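According to TrEMBL, the protein carries these features:
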{"type": "ACT_SITE", "residues": "K80", "note": "active site, proton donor/acceptor"}
{"type": "BINDING", "residues": "G180, V181, G182, N183, V184, A185", "note": "NAD(+) binding site"}
Amino acid sequence: MNIFDYMQKYDYEQLVFCQDENSGLKAIICIHDTTLGPALGGTRMWPYKTEEEAIVDVLRLGRGMTYKNAAAGLNIGGGKAVIIGDPREHKSEELFRAFGRYIQGLNGRYITAEDVGTTVADMDMIHLETDFVTGVSPAFGSSGNPSPVTAYGVYRGMKAAAKLAFGSDSLSGRVIAVQGVGNVAYNLCRHLHEEGAHLIVTDINQENVDRAVNDFGAKAVGVNEIFGVECDIFSPCALGAIINDDTIPLFKAKVIAGAANNQLKEEKHGDQIHEMGLIYAPDYVINAGGVINVADELQGYNRERALKKVETIYDNILKIYEIAERDGMASYKAADRMAEERIASVARSRNTFLQNGKTVYKR
Ligand SMILES: NC(=O)c1ccc[n+]([C@@H]2O[C@H](COP(=O)([O-])OP(=O)(O)OC[C@H]3O[C@@H](n4cnc5c(N)ncnc54)[C@H](O)[C@@H]3O)[C@@H](O)[C@H]2O)c1
Ligand SMILES: CC(C)C[C@H](N)C(=O)O
C-alpha cells in the first residue's frame, strides 16, 4: 500500500510507528484530524497477521473516531492506536509503559482509552507514564470502564429509532434480537429487560449467553439464526460488517440499532436497507456513549454531566433522520454529512489569528 497516497486521499495528519525492543512493543498511532481538538480514540490490541493489516485498521479506525467525535458534538478530534500482539499472551507492564511514553511524546495531540483487547488495568499502566490517557481506574479520578455508558447511549439511541419506526419510543413488549452479549450488550440487555422488552440473544461464548438467559430471561438462538428471527429490532453488538449481501435478505426487523463499530460491510448496504424502509441508527452515532464519557475527563470527570451528554444521542438520531429526509439520503450518509459540516464550519471559524494557542492552521 502507498501510505502517503492513502493519507492524502482522506486527509490524515500523522501516523506514528512505535518500537521498543525490550518490551516487544510494536504499535502504530494514527492522528486523523485535530480541527475540533486533540485526537481521542482507544487503543486496540490485536494479533494482526501482517503490518499492512495493522496499518489499514488503525487508519480506518482513526478516521472513524473523527466522525464519531464530531457527530457527538465533542470538541475532540479523531485518532486511534493499535498494538500488534495477542492480548491473552503479550501484555506486560513494560509494554504498556513503553507505549505510554510514546503517547507522552505527542504532547497531547493524541489521547488514548480502551478498545477491543485493552482494559482499565492496561490504561492504569499507560497512566504510569502519561496523563494523556482516559478510562483509567476511578481511584485516579478517572471514568473507569466505558462499556456501561456506551450501553446506556445505545439504549437511548434505540428508543429514538423505535420512535421513528413505530411512532412510540417505548420498548416495552418489543422483541429485540441481540448479536453478541459481551461487555456493552450485557448492560444494554439490562436496560431493555428493565423496560419490559423480550430478548433473543446469541454469542459464540456460551457463558455470555447463559448470563443473559439467567439474568434477563432471554431466549438463546444459534449464531447464524439471529439474523432471521422474528423481531422488531436487530441489535448488532459483536462484529463489524454484519450488514451485508448474505444477512440483508434474512432481516425481519424494522430497526437496526446496536453497539458494533463499522456495521455496514460496504456503503451500498446502507443504501439497500434504506430502500427497504428499515430504520438504521448509524453505528458511530449510537455507540458514542463511551467516548463521550471518557472525553468528559478532560474537564475533570463528572459522571452526571457525562450521562447528560450521552442522553443527546437520542436527539442526534432524530436529527440525522431529519437530514436524511430533507436531503433524500440514507441515514449513514446523513450522519457523515452532519459530521463533515461541523468540522468544516469550525475550521472556517478559526481562520483568524489568536494569541492563545488555540488557533489551528489546517489549510
Ligand atoms: N466497549 C465500548 O465502550 C464500545 C464503544 C463503542 C463501540 N464498541 C463496539 O461494540 C462492540 C461490542 O463491544 P464490547 O466491548 O461489548 O466487546 P466484547 O468483546 O465484550 O463483546 C463482544 C461479544 O461478541 C461476541 N461475538 C464475537 N463474535 C461473534 C459472533 N460471530 N456471533 C455472536 N457473538 C459474537 C463475543 O463472544 C463477545 O461476547 C464491538 O464491535 C466494539 O467495537 C464498544
Ligand atoms: C474512547 C473509547 C472509549 C472509544 C471506543 N473504543 C469506541 O470505539 O468508541
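Cβ atoms here come from the backbone N, Cα and C positions, even for glycine.
Since the structure is predicted, the reported quantities are computational estimates derived from the model, not experimental observations.
Distance noted between the C-alpha atoms of G182 (NAD(+) binding site) and K80 (active site, proton donor/acceptor) is 22 Å. The local packing around K80 (active site, proton donor/acceptor), expressed as other Cβ atoms within 10 Å of its Cβ over all shown chains, amounts to 29. Taking Cβ-Cβ distances under 8 Å and a sequence gap of 6 or more within the same chain, the neighbours of N183 (NAD(+) binding site) are N145, S147. Long-range neighbours of V181 (NAD(+) binding site) (same chain, six or more residues apart, CB within less than 8 Å of its CB): C189, V201, T202, D203, N208, V209, R211, A212, A218, C237.
Considering only the binding-site residues G180, G182, the Cβ with the fewest other Cβ atoms within 10 Å is that of G182. Among the recorded positions K80, V181, V184, no residue is identified whose Cβ is positioned under 6 Å from ligand 2. For the pair G180 (NAD(+) binding site) and K80 (active site, proton donor/acceptor), the C-alpha distance works out to 23 angstrom. Within 8 A of the CB centroid of the NAD(+) site residues G180, V181, G182, N183, V184, A185, the other residues of that chain are S147, V178, Y186, N187, L188, D203, N208, C237, A238, A259.
Take the CB of A185 (NAD(+) binding site) and look out to 10 A: across all protein chains shown you find 29 other CB atoms. For the pair K80 (active site, proton donor/acceptor) and V184 (NAD(+) binding site), the Cα-Cα distance reads 20 Å.
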